[in-house]
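Report on one structure; see the data block that follows.
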């Protein structure tokens, strides 16, 4: 019920990764990367399916060897989400996964081989309508740029990116997106700002090697949040030394916080104090776990007392305001019922699921009505 943020997205060209539109106003895609051995087909497929279940739009898979390329073929046959093959050094691997239906190639033209090998990869991508992601990373800058700048700088990352962009321009290939990642927030943010002024291709955002689940989420939220609030970014990955599923969850949380894209429940909860009338923290933790399957966008406020509870409930899809023994339940800003504090979790879960079903049905009817008008 909150207003959408007035963020003006940077204009960019449109590409497709599989069936997912990227750029030109398309929803910002959230992606992750598998951390299994790609040659372990079963483990990799299971991880990709877990990522699909939490909403991953795109999944990247490292393909370092020809054996991994053969495994990629089997993996691709068993999943639905578009797959990006992460390839370095050996152009033949890129050609092989292209045969196997890869949806996007992540390469650096600078380390894939000489001009002829780059041309072979680009020609193959063009023939099969496969986009490319140019991935520049502060930790693997070209030696001459390291010597020129002394250390990774925004200008160094920009020069590296433009060098690779020029490779593709010379080959008349424009179906690509670009990333300029760094583990330092300020370095990454300024690099993306510079790049956004130079090209109109889609940008893939990330703070690389951000850290563990907690620290990495914080760094990513700050860095990606700054860029997204300025309208920069068309896809994103939150890089965590953690279960890749957490990367997708944090990615959507960042987008939800900026009111850019919503998926599932946005919980609004107080940090609690001695005024709370029920166990707010336990309630929120339990509901977050129980309701992970809900993809309907909705705001749910869970506030332990009447100080801020009614105000938050006014702008929430559903809201609970703590009261003595029973707490007020609000729906779309209107007080509807009272819930027993001793059975709060089960009651609220049932109400949320019912509301989600109601909203889904309303959207289904709206879509049907629009279809009738069009036809």
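Heads up, the Cβ atoms here are built off N, Cα and C, so glycines get one too.
Here is what Swiss-Prot says about this protein:
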- 270, 273, 305, 312: [4Fe-4S] cluster binding site (BINDING)
Task: Sorted by sequence, non-270, 273, 305, 312 residues with Cβ within 8 Å of centre, [4Fe-4S] cluster - done: 271, 272, 275, 276, 280, 303, 304, 307, 308, 309, 322
Open item on the list: With every protein chain in view, what's the tally of Cβ atoms within 10 Å of the Cβ of residue 273 ([4Fe-4S] cluster binding site), excluding that atom itself?
Closed with: 10
TODO: Count the other Cβ atoms sitting within 10 Å of the Cβ of residue 312 ([4Fe-4S] cluster binding site), across every protein chain shown.
DONE: 20
Open item on the list: I'd like the Cβ neighbour count for residue 305 ([4Fe-4S] cluster binding site), meaning other Cβ atoms within 10 Å of its Cβ, all protein chains included.
Closed with: 19
- [ ] Inside 10 Å of the Cβ of residue 270 ([4Fe-4S] cluster binding site), count up the other Cβ atoms and send me the figure.
- [x] 20
